[in-house]
Every structure is written in C-alpha cells, then in structure tokens.
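Sharing a structure with you now.
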C-alpha cells in the first residue's frame, strides 16, 4: 500500500493537500492520531485498498511524538511518504486574519467578542502560537519532504501535490550550471543570472589558477558581503518560483550562473545553490568550463 502522511503548520494548506489525495483515489482520513495509523493500514489492505492518505497535526499533539516510530513501522511493509507543509509567520497571520479561524494553540484576548460578534484574535498571541507549533513540529520537518506554501496560490499547491503523487513520474531535477559569458550563454538554460559584478578572484595571482570549488577561492568569496547577498537573492528567486515550474510538468529546470570566464564566481555560486537545494530533491551541478555534470 502507498501511504502518504501529511503534517505541518496549521494554515499551511494541509487540507488542500489531503483533498488532492482524495481526488486521486486515496482513502483519506483527517486528524488521525499517529498510533492508530498502522491498524487502519492493515484493515484497509485486507479490504483491497492500495492508497491511503492521512493528515495528522498539532490537533493530535499528544500523538505526534509517536509519528517517527509509526513511519518506521509502516515502512517495513508499505511505501510511506511524509509531506510537511509550512509557511512564513506573516503569511499564516494573514491567512488567519482573512478566514477568522482559530489557531489550535492560539490564545483569545479575554474571550471578548469583536465588533462582528466573533472572538477577537490577539495577533501577538497568534504569532506566539505559530512559533510554538513550529518548535513542536520541528523534529518532523527534518525528515519529511517540506513544502513552503508562503507564496503559493491554492491552485498552484494543488498542481504541486498532483505532481508529487504521480505514480509514473519523478520529481523535477534542478540543474545548476556555471558558465563564462565569453564562451556564450548556454542554450538550454531556463533561468540565467549574471554575477560578473561580483569581486573577481582572477585578479589575485595566487587564486587565478584555482576554481570556485577550491578552498582559498571559497574563503575569498565568502568574505565578500556582496557575494553572499547575490547568492541569497538568487536562492530566494528560484525557491519562490520553483512551484510554478513543477506545476508545468517539467522534468528539469536549468539555472545558469555566468561570470566572465566561468572559473571562479559562477562556479562558487552554483555550488552554493546546489548545496542548499539538495534538501528539496534531485539536484545536478554542471560547470561547463570545467567538467561535465555531476
């Protein structure tokens, strides 16, 4: 049986994800304590079911500590995947403000109704509840496939989940490619970032024969605030728009990073980005002027 467990921060889209599973033919259960999942899986398997989707979250907080053990037990006889949905605190506060729903851990301000007769939320208490939930769930996030929905519309999230659960496809593969502009821009690049404005190790004679993978060059570039800022901006851009590319049913997304010769700056940035995004799934690195894809 294929079992997908959905957990994560309240308000991050778990209900949307569970609905996608149900539409795809999964037998779905919401808010099921973790310790009950193995018995349910055994029963459903005996009845001929092959797909199970379960959402478990802070509403069953006492049982969450059992989830890692539950996953290990299920994995002995089933195909098990864990999706952890999250979002920024600002995004979550905005969503709760729009829906007027209570956070499971939120504290109401003296229980006094607002002008519309509904309980008045204390935004500070809400943010504290969100951060408390993050802390409680952080052990689960570390071992799950994390999905950040902060900047993701509902339709995009649905498409993303559909892609993740497809039986006949693998995840999108991110390819980070360094190159030198003097040799031309890669024709297969989906996104191109120009880092030629960054400080250039080429002008240090001791660093000139090295590459962006060598320690002295890495130390040089990491000491430059401008380099770190540009790397962070590129990372944020790719991470924000990655769901759109996944929803487009792509197999690969090629992100090209170019400097003058393709030896120092672009190599360093490509390696730095690849190291970050490896937590998201399949990642390749290609240094066009140095070596083939790895």
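Cβ coordinates come from backbone N, Cα and C, glycine included.
Positions annotated as ATP binding site by Swiss-Prot, on the basis of sequence analysis: 8, 9, 10, 11, 12, 13, 14, 15. The GTP binding site annotation in Swiss-Prot covers 57, 58, 59, 60.
Are these features on the surface or tucked inside, and what are their neighbours?
DSSP gives residue 13 (ATP binding site) a coil state; it is part of no helix or strand.
Counting every protein chain shown, 21 other Cβ atoms lie within 10 Å of the Cβ of residue 57 (GTP binding site).
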Centre the Cβ atoms of 8, 9, 10, 11, 12, 13, 14, 15, go out 8 Å, and tell me which other residues of that chain have a Cβ in range of the ATP site.
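Those within range, site residues removed, are 57, 85, 86, 87, 149.
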Other than 57, 58, 59, 60 themselves, what residues in this chain have Cβ atoms within 8 Å of the centroid of the GTP site's Cβ atoms?
10, 31, 56, 61, 64, 104
Helix, strand or coil: which one is residue 8 (ATP binding site) in, per DSSP?
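It is in a strand.
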What does the structure give for the C-alpha distance between residue 14 (ATP binding site) and residue 57 (GTP binding site)? Integer Å is fine.
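Pair distance, Cα basis, whole Å: 9 Å.
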